[in-house]
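Annotated in Swiss-Prot:
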{"type": "CARBOHYD", "residues": "Asn80", "note": "N-linked glycosylation site"}
{"type": "CARBOHYD", "residues": "Asn163", "note": "N-linked glycosylation site"}
{"type": "TOPO_DOM", "residues": "23-41", "note": "topological domain 'Cytoplasmic'"}
{"type": "TOPO_DOM", "residues": "63-84", "note": "topological domain 'Extracellular'"}
{"type": "TOPO_DOM", "residues": "106-125", "note": "topological domain 'Cytoplasmic'"}
{"type": "TOPO_DOM", "residues": "147-182", "note": "topological domain 'Extracellular'"}
{"type": "TOPO_DOM", "residues": "204-228", "note": "topological domain 'Cytoplasmic'"}
{"type": "TOPO_DOM", "residues": "250-257", "note": "topological domain 'Extracellular'"}
{"type": "TOPO_DOM", "residues": "279-291", "note": "topological domain 'Cytoplasmic'"}
{"type": "TRANSMEM", "residues": "2-22", "note": "transmembrane segment"}
{"type": "TRANSMEM", "residues": "42-62", "note": "transmembrane segment"}
{"type": "TRANSMEM", "residues": "85-105", "note": "transmembrane segment"}
{"type": "TRANSMEM", "residues": "126-146", "note": "transmembrane segment"}
{"type": "TRANSMEM", "residues": "183-203", "note": "transmembrane segment"}
{"type": "TRANSMEM", "residues": "229-249", "note": "transmembrane segment"}
{"type": "TRANSMEM", "residues": "258-278", "note": "transmembrane segment"}
Amino acid sequence: MIPIQLTVFFMIIYVLESLTIIVQSSLIVAVLGREWLQVRRLMPVDMILISLGISRFCLQWASMLNNFCSYFNLNYVLCNLTITWEFFNILTFWLNSLLTVFYCIKASSFTHHIFLWLRWRILRLFPWILLGSLMITCVTIIPSAIGNYIQIQLLTMEHLPRNSTVTDKLEKFHQYQFQAHTVALVIPFILFLASTILLMASLTKQIQHHSTGHCNPSMKAHFTALRSLAVLFIVFTSYFLTILITIIGTLFDKRCWLWVWEAFVYAFILMHSTSLMLSSPTLKRILKGKC
């Protein structure tokens, strides 16, 4: 059991992190949305960032409400909020993976004809790919929705005589729900890993090819991109692992360590959100023009 003062401290840290992420997400959507209305078109990277901003905005509010309901044992409200959090969490993972795929397709120097064909097709169909990620999320959330319904049924049966066979089946399906959610996160994470490794290999190859003993502007740009990619890789991998541990939920007494753990998790999410803000040329150009 941790002291109440420490619990309050980490609760405040978590709330401040969450509000910062919400403000960042709102800023991304507002700035890029305004640009979209003015020029009537956006680059694919900005389409992803707007989608990510909306998804992360909803995810963060769902997370805050979910955690406070969990802490104060509001179980019926918690069940309804959990499915919302899971939906936007899976969608956020897919959108992050698509962003990395876009950078890999756009910036890598591979010249194989299959890769060039994929680049042409993906860039041409990017709005439909975004819609596809939303549809995949809707499909993968179905087991969680069923598990959420089962959880509510288990809560209503808590004070009633139970049929042990039925209860065991319900609890087994509830465990399957967590496995399905884990798989739904692992697939886009593998896509992220593959795209990141390919892009890092391509950038390293370009640096070695253009190395002439002195640092020209092209070399500096490649070094900067490689460094940014390495930071994004570390932050997103840490984010994935912390979310995975949160889903498994077997490490800590959830009520006792809730705010310590959430403050730790959302520190990574805040770093990732900040790095995404800095990845959009359009966003950086507009914000610099306002200063």
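Just so you know, glycine gets a Cβ as well, placed from its N, Cα and C.
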Contact yes or no, the transmembrane segment (229-249) and the transmembrane segment (85-105), 3+ Cβ pairs under 8 Å, gap 6+: yes
Stretch contact, the transmembrane segment (126-146) with the transmembrane segment (42-62), Cβ-Cβ under 8 Å, 3+ pairs: yes
Surrounding CB atoms that lie within 10 Å of the CB of Asn80 (N-linked glycosylation site), all protein chains: 13
Confidence summary (mean pLDDT) of the topological domain 'Cytoplasmic' (23-41): 85
Among the ranges 2-22, 42-62, 258-278, the one whose Cβ pairs under 8 Å to the transmembrane segment (85-105) are most numerous: 42-62
Tertiary contacts of the transmembrane segment (258-278) (same chain, 6+ residues out, Cβ under 8 Å): 2, 6-7, 10-11, 13-14, 17-18, 20-21, 24-25, 27-28, 49, 52, 56, 63, 67, 70-71, 96, 99, 228, 231-232, 235-236, 238-239, 242-243, 246, 252, 284
